[in-house]
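Enquirer: Sharing a structure, written as structure tokens. Questions coming.
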Ligand SMILES: Nc1ncnc2c1ncn2[C@@H]1O[C@H](COP(=O)(O)OP(=O)(O)OP(=O)(O)O)[C@@H](O)[C@H]1O
Ligand SMILES: [Mg+2]
């Protein structure tokens, strides 16, 4: 999936460069996700105390929540080197054999998008993870021979946005699985203050709160919105990120109070105005906003559903009461009875 759109959770290549400067380097600088942090801290300290590499670590969760950041932190905390590759880059088992046999003792091997690794490479990875050896097949057909090679003890850190696509045997070989959750607005506020400090951008508390509330629970989006508001503040105001510059800048970029962009709102508006709130089929809804059904389903709907604005029912898509309210349109009498809809629980906050 590509990184179009100001509130996309995905990053473009250029954005990855911009992210490096604000990426926390140590566990203590990693905001929120307290449970995962605590567990990792124990795992890493225990291993360091014993002088052995820790168990293999699987990091799962939606894009932009800190998987790559944590992989780098693991290596930094252990004081070891890190080799970085990704599932799609490993097409043949030989590619993987070359990587694992070149690891230095204790190294971290980070495989991003590990669910996309090719099958033969995956099988080779099993033996590298479990027995620290791999069989490299030389030659073809009846004359082929397998040469066993030793692998130095290492820690695999795998990251995946689709843990459901991992095979059972793969999942079983990780001694520690961490699932990253969306961040609360309060955590993102803290994160924004930290990023602003690093970037040298003056920011007020109200400015941070305003941006945090529109960041869809995602650090990557929060940092991106901060950069856009900074541009606005520097060009059109006195350079300070405050309530006024945040609101004005995000209006320019079409990001509304809940973090919806133009297409998100178009989908909701069509649902409410053209289909009286639904239910309506996905393809009909997509035609109404001039988009492909895939785009509506994969780009817009996940957040609209999470924000409690849209529901997927067997009969089609339905706007919730919160959606009508958000658009400032009153639903036809009786649509939602007299019961009060629960406030949408936008982001699952940490306990
Ligand atoms: N807990 C955190 N504290 C501070 N900054 C964070 C935190 N989590 C993520 N970030 C910031 O958010 C940005 C995105 O994080 P990261 O690249 O680690 O996400 P990811 O989960 O690897 O995403 P993807 O699935 O797209 O690879 C980084 O610039 C990082 O600085
Ligand atoms: Mg990543």
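Each Cβ is built from the backbone N, Cα and C atoms, and glycine gets one as well.
Since this is a predicted model, take the numbers as computed values, not measurements.
From TrEMBL, here are the annotated features:
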BINDING   23, 64, 67, 68, 69, 130, 131, 132, 173, 183, 220  ATP binding site
BINDING   68  Mg(2+) binding site
BINDING   312, 317  DNA binding site
DOMAIN    53-184  domain 'AAA+ ATPase'
REGION    3-183  region 'Large ATPase domain (RuvB-L)'
REGION    184-254  region 'Small ATPAse domain (RuvB-S)'
REGION    257-351  region 'Head domain (RuvB-H)'
Enquirer: Take the C-alpha atoms of residue 69 (ATP binding site) and residue 312 (DNA binding site) and report the distance between them in angstrom, rounded.
Expert: 33
Enquirer: Using a 10 Å cut-off on CB atoms, tell me which of the binding-site residues 173, 220, 312 is the least crowded.
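Expert: Sparsest of the binding-site residues 173, 220, 312 by Cβ contacts within 10 Å: 312.
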Enquirer: Rounded to the nearest Å, what's the C-alpha distance separating residue 173 (ATP binding site) and residue 317 (DNA binding site)? Just drop the number here, would you?
Expert: 39
Enquirer: Pop the Cα-Cα gap between residue 23 (ATP binding site) and residue 317 (DNA binding site) into the table, whole Å please.
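Expert: Given the Cα positions, residue 317 (DNA binding site) is 38 Å from residue 23 (ATP binding site).
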Enquirer: Tell me which binding-site residues (67, 68, 69, 173, 312) have a Cβ under 6 A from ligand 2; sequence order is fine.
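Expert: The ones that qualify, in sequence order, are 67, 68.
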Enquirer: Give the residue counts of the region 'Small ATPAse domain (RuvB-S)' (184-254) per reduced DSSP state, in the order helix, strand, coil.
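Expert: The breakdown for the region 'Small ATPAse domain (RuvB-S)' (184-254) reads 52 helix, 2 strand, 17 coil.
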Enquirer: Out of 23, 67, 317, which of the binding-site residues is least crowded by other Cβ atoms within 10 Å?
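Expert: Result for the binding-site residues 23, 67, 317: minimum number of other Cβ atoms within 10 Å at 23.
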Enquirer: Check the region 'Small ATPAse domain (RuvB-S)' (184-254) for me and report the mean pLDDT.
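Expert: Reported value for the region 'Small ATPAse domain (RuvB-S)' (184-254) is a mean pLDDT of 97.
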Enquirer: Could you state the CA-to-CA distance between residue 67 (ATP binding site) and residue 312 (DNA binding site) to the nearest Å?
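Expert: For residue 67 (ATP binding site) versus residue 312 (DNA binding site), the Cα atoms are 29 Å apart.
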Enquirer: Tell me whether residue 173 (ATP binding site) sits in a helix, a strand or coil according to DSSP.
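Expert: The three-state answer is coil.
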Enquirer: Do any of the binding-site residues 23, 67, 69, 131, 173, 312 touch ligand 1, in the sense that the CB is under 6 Å from one of its atoms?
Expert: 23, 67, 69
Enquirer: Between residue 23 (ATP binding site) and residue 68 (Mg(2+) binding site), how far is it from one CA atom to the other, in Å?
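Expert: For residue 23 (ATP binding site) versus residue 68 (Mg(2+) binding site), the Cα atoms are 9 Å apart.
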